[in-house]
Every structure is written in structure tokens, then in C-alpha cells.
Amino acid sequence: MTIAVLGGAGYIGSHTVKQLLAAGEDVVVLDNLITGHRKAVDPRARFYQGDIRDYHFLSQVFSQEKIDGIVHFAAFSIVPESMKDPLKYFDNNTGGMITLLEAMNQFGIKKIVFSSTAATYGEPKQVPIKETDPQVPTNPYGESKLAMEKIMHWADVAYGLKFVALRYFNVAGAMPDGSIGEDHHPETHIVPIILQVAAGTRTGLQIYGDDYPTKDGTNVRDYVHVVDLADAHILALKYLDAGNKSSAFNIGSAHGFSNLEILNAARKVTGQEIPATMGPRRAGDPSTLIASSEKARDILGWKPNYDDIDKIIETAWNWHENHPEGFGDRN
């Protein structure tokens, strides 16, 4: 199959491109490189630079390539930024989805696996979170992704565009061979921030909030390795290719780790002291997000290979140690 990966120069997208290629698929990457890295794209994939909000761009690519399915990562994803500039998120994320679905419908592309988020659940009433639990986002990022899910549902009803929405939690780690990894500007994810401090490329770590109703007062999150997540997207494509109905799946390890536990695991893996200070809570951050991934395990046959936080951090540390400047393409 020829699979178009939108946002394929980004962190999760670039790992998914590699896994798709390893599975023998033909891969096309579309990315505007606002946050992605050209160097992260496997040279075996055909690359097109452009924006998913640009219908003319999508039409050109879909005319040139015979696309069998789409994996869609192209979105802004920083919660605090979404609180300050919600329209940016609705324009890019939700608006981009509308343009994409219009192009898919025009060119007869009937399958899409979409990167949703645990942020659609908001502050959960129970943990672990199930797919049937209420979706009440506490920030515009989560709201923009929930709107995307709803738009896809009605596009399925009207046009028969089949989708899988993968709702995932905190993603971490890097390709085990160290070829690609996480490199955001600015970096907002706790694992790379901690490892940048360990590597000496960042001066200190601030943990946001130590008064949450958790075991040590810091946020608790479910961590999934980026390669396990990439594999989930491939399984979701196979699920759609088999003619199954549209659905949503949680992808997570089902284990919660607090920010302090992540810090201590990183200290153990790196052998560095990694100084940290406590700061106030960030707006829009739920206290605990842990996934029930039973549905993905039962229906997709998904099983994480990296369910140990030390192993996840080891792969991330291998990337950061060998690439202290990331891809080295940002001034």
C-alpha cells in the first residue's frame, strides 16, 4: 500500500514512517516543517513540503500519488500555548482536518488513522480511562482534537470515510538505533527536558505543581514508547484495510508514573543528579491520565514492547547523548 503520513517529519510521525517502511509499505510524507525536521524523514519516503490547510497542495500530491490510506499527525499540540491562543489550534488542527477530509473525499481516499489525544477526556472521573468515558476537554488543544473526531464521524456517515482515532497519552523514547528521536522547539515534554538537563544542554528542571491529589503531589501520566505507538498506527491501518468499522482506541501502557518518579528513573538511567525545582500548576493540566488499552489489545492485537519506564528513558537518553543539539537544524 501507499500510505501518506501527514506530519511525517515530526516526532511520532518520523518514527511511524520508519516502521511503515520496515513493514514493506510505500510511504509519502507531507509536512510544512513548522515544527518538523526534514532530517528526521527517512530518505526512502517521498517528501512533499506544504500545509494540510492548503487544498491546492493536497490536490497536487493526491493527483501525483495513488494514496491507499492516510496517517494524520499534522497538528499543534502544546497545551499552555492552546490556552493562550485557542484560535491558532482550531484553525490548524480542526480546520486542517476539514480541508483534508474534503481532499480525501474528492480523490476517493477512504481510510485515515488519526492522532487524537487523552486530552479529549479532560479531568477523568475514573482511572484507567476507557474509550466510552465522557470526553470533556479542559483545554483548547483537547477540544480541537475532539472536534476533529466528531467531524470524522459525520464524514464517515455521509461519505463512508473510515477512520481510527488513536487517543494516546505521554509519548517518550526514541528509535532504539538512535537514528531519530525527540527534538521540539521549544521543548515542553518532561522526559526530553530532564535528559537535556542531564546532558548539560539545559540549566534546570521545573516541575509544575506538587499539590495534585496524587501519591507524591505531582502529575501522574501514562507513558508509551514512540515505536510502540508507531506500531499501533500500522495495526490500525490493517484494521481498516480488513473492512472494519470506524472506531477509537486508547494507546497507553496502563501504568501511571508521577513526574517525580520519571525524574528519579532518569537519574538512575543517566547517573546524573539532575537538579529540579517545584513551580506552580500549569493551566489546563489534569492531575492523572492513565489509559485502559484493553480494547486496542483485544481488537488490534496491540501490545507494547516497552512497558518499563527505565527502558523507555534508556532509548531517549541514547538519542540525547549522541545528538545534544537534536537534528541541529534550528537556530
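Even glycines carry a Cβ here, placed using N, Cα and C.
What Swiss-Prot annotates here:
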type	residues	note
BINDING	11-12, 31-36, 51-52, 73-77, Asn92, Thr117, Tyr141, Lys145, Phe169	NAD(+) binding site
BINDING	Thr117, Tyr141, Asn170, His189, Ile190, Gln206, Ile207, Tyr208, Arg221, Arg282, Ala283, Gly284, Asp285	substrate binding site
ACT_SITE	Tyr141	active site, proton acceptor
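Structure coloured by features recorded in Swiss-Prot.
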{"residue": "Tyr11", "record": "NAD(+) binding site", "CB count, 10 Å": "26"}
{"residue": "Asn32", "record": "NAD(+) binding site", "CB count, 10 Å": "20"}
{"residue": "Ala75", "record": "NAD(+) binding site", "CB count, 10 Å": "24"}
{"residue": "Thr117", "record": "substrate binding site", "CB count, 10 Å": "23"}
{"residue": "Tyr141", "record": "active site, proton acceptor", "CB count, 10 Å": "26"}
{"residue": "Lys145", "record": "NAD(+) binding site", "CB count, 10 Å": "27"}
{"residue": "Asn170", "record": "substrate binding site", "CB count, 10 Å": "20"}
{"residue": "Ile190", "record": "substrate binding site", "CB count, 10 Å": "21"}
{"residue": "Ile207", "record": "substrate binding site", "CB count, 10 Å": "20"}
{"residue": "Asp285", "record": "substrate binding site", "CB count, 10 Å": "19"}
Field: Distance [Cα-Cα, Å, rounded] between Asn32 (NAD(+) binding site) and Ala283 (substrate binding site)
entry: 28
Message: Are there any residues at least 6 positions away along the chain from Arg221 (substrate binding site) with a Cβ closer than 8 Å to its Cβ? List them or say none.
response: Phe169, Asn170, Gly256, Phe257, Asn259, Thr288, Leu289, Ile290
Query: Taking just the CA atoms, what is the gap between Ile190 (substrate binding site) and Tyr11 (NAD(+) binding site) in Å?
result: 15
- request: Among Tyr11, Ile52, Ala75, Asn92, these being the binding-site residues, pick the one whose CA is nearest to that of Asp285 (substrate binding site).
  value: Ala75
- prompt: Among Ile52, Ala283, all listed as binding-site residues, which has the most CB atoms within 10 Å of its CB?
  reply: Ile52
Field: Largest inter-residue Cα distance among Thr117, Tyr141, Asn170, His189, Ile190, Gln206, Ile207, Tyr208, Arg221, Arg282, Ala283, Gly284, Asp285 [record-listed substrate binders, Å]
entry: 24
Field: Nonlocal neighbours by CB distance (under 8 Å) for Asn92 (NAD(+) binding site), same chain, sequence gap 6 or more
entry: Arg53, Ala75, Phe76
- prompt: Restricting the comparison to the binding-site residues Tyr11, Thr35, Ile52, Lys145, which residue's C-alpha is spatially nearest the C-alpha of Thr117 (substrate binding site)?
  reply: Lys145
Field: Cβ-Cβ neighbours of Thr35 (NAD(+) binding site) (radius 10 Å)
entry: 18
Query: Measuring Cα to Cα, how many angstrom lie between Tyr141 (active site, proton acceptor) and Ala283 (substrate binding site)?
result: 12
